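Let me begin by presenting the structure, written as structure tokens, before commenting on it.
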Amino acid sequence: MGGLFSRWRTKLSTVEVLESIDKEIQALEEFREKNQRLQKLRVGRLILYSSVLYLFTCLIVYLWYLPDEFTARLAMTLPFFAFPLIIWSIRTVIIFFFSKRTERNNEALDDLKSQRKKILEEVMEKETYKTAKLILERFDPDSKKAKECEPPSAGGAVTARPGQEIRQRTAAQRNLSPTPASPNQGPPPQVPVSPGPPKDSSAPGGPPERTVTPALSSNVLPRHLGSPATSVPGMGLHPPGPPLARPILPRERGALDRIVEYLVGDGPQNRYALICQQCFSHNGMALKEEFEYIAFRCAYCFFLNPARKTRPQAPRLPEFSFEKRQVVEGSSSVGPLPSGSVLSSDNQFNEESLEQDVLDNNTEQTDDKIPATEQTNQVIEKASDSEEPEEKQETENEEASVIETNSTVPGADSIPDPELNGESLTAE
């Protein structure tokens, strides 16, 4: 009879079996969490109540029931030493009891999970693709986790991360592959191509994106900033863009950053944005002092933006010669020389100048009748004309002193120079 009734019983489907297993797994997981909470609660209450009871009993015994004899006191304090050990043993028993329950629960949970895994493997082998996909998405925990951790779609909005300095623009991928045309349909309409320059399509706030013809844009990939440029048919390789002229300050700043900006006088409110003149892109923020005089190259379109103003330059200082200054100071510090020293130095200078004039002017004839005093005066005048303007006054003073000495000592200048006379005769 049992076999007959067993034939009439309907067999549970795979979905129903998985649902029952899933319910049992959830019940066991809830029981495990409840068991852990109950264990912590029981152990905590045991320690709390036993501690309060222990302190209260010690206080009562010490105030009212403490005997005077030493042996009686020792016998009275023995239970107080044994009480903490008893409480500790009770706590150990409670933890052991709950741990055993947790182990049994975990074993049952592992068995149910293994059964579910076997059933899912059978589903993947026996059921159709659509049914197996639905069952796996509903009961397989691995597929659930993978679905939850799936990254957002490329078409969704991309949120900017805090502290991101350079905006990365991603071009939208366009499917430009033509649809297969039916035989009844005519050829696709020809789109006239204008001979003018191609228009630039740009996103708001970003650089213009160059449009590419359908024949060339089928293999175009979006190029991120800071990465090596990708080769595009018909277009050359572009080097990676230059860095920003000035960094872009992050929007989210902490309290410490705001305090430092307030003390230093720096921050977004004290800076000016560097906007490219060609693509109107943001290239960082410059200080007020350097905004008018800074020139930068755009990090997106490589356009060189000149400075608005030229920085004023200070006038060039005259060159300073330390040796010349020493000569001037030495000449000003030297006082009038004595008559004897002036005479000797003047005679030596006259002799040297006369010899130089004779050697340079060999073709000229010299007059023997001219006295030696006049010749020395002429040489002194020539030498004074070639000296610097600062020493003119000093030479005049020396000439006056020489004239005075000549008047007092007639024999020194009236004696003719035999060498000079001989040279003049030979020249004649």
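Placement of Cβ uses the backbone N, Cα and C atoms for every residue, glycine included.
Record features (Swiss-Prot):
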type	residues	note
COMPBIAS	185-198	compositional bias 'Pro residues'
COMPBIAS	386-401	compositional bias 'Acidic residues'
LIPID	G2	N-myristoyl glycine
MOD_RES	S114	phosphoserine
MOD_RES	S153	phosphoserine
MOD_RES	S182	phosphoserine
MOD_RES	S194	phosphoserine
MOD_RES	T211	phosphothreonine
MOD_RES	T213	phosphothreonine
MOD_RES	S217	phosphoserine
MOD_RES	S227	phosphoserine
MOD_RES	S321	phosphoserine
MOD_RES	S353	phosphoserine
MOD_RES	S384	phosphoserine
MOD_RES	S414	phosphoserine
TOPO_DOM	2-45	topological domain 'Cytoplasmic'
TOPO_DOM	67-77	topological domain 'Lumenal'
TOPO_DOM	99-428	topological domain 'Cytoplasmic'
TRANSMEM	46-66	transmembrane segment
TRANSMEM	78-98	transmembrane segment
ZN_FING	276-301	zinc finger
Sequence-remote partners of the topological domain 'Cytoplasmic' (2-45) [C-beta within less than 8 Å, at least six residues beyond its ends]: 91, 94-95, 98-99, 101-102, 105-106, 108-109, 112-113, 115-116, 119-120, 122-123, 127, 135, 138-139
Mean per-residue pLDDT computed across the topological domain 'Lumenal' (67-77): 87
Within-chain partners of the topological domain 'Lumenal' (67-77) [C-beta distance under 8 Å, separation at least 6 from its ends]: 61
Secondary structure tally of the topological domain 'Cytoplasmic' (2-45) (DSSP, helix then strand then coil): 39 helix, 0 strand, 5 coil
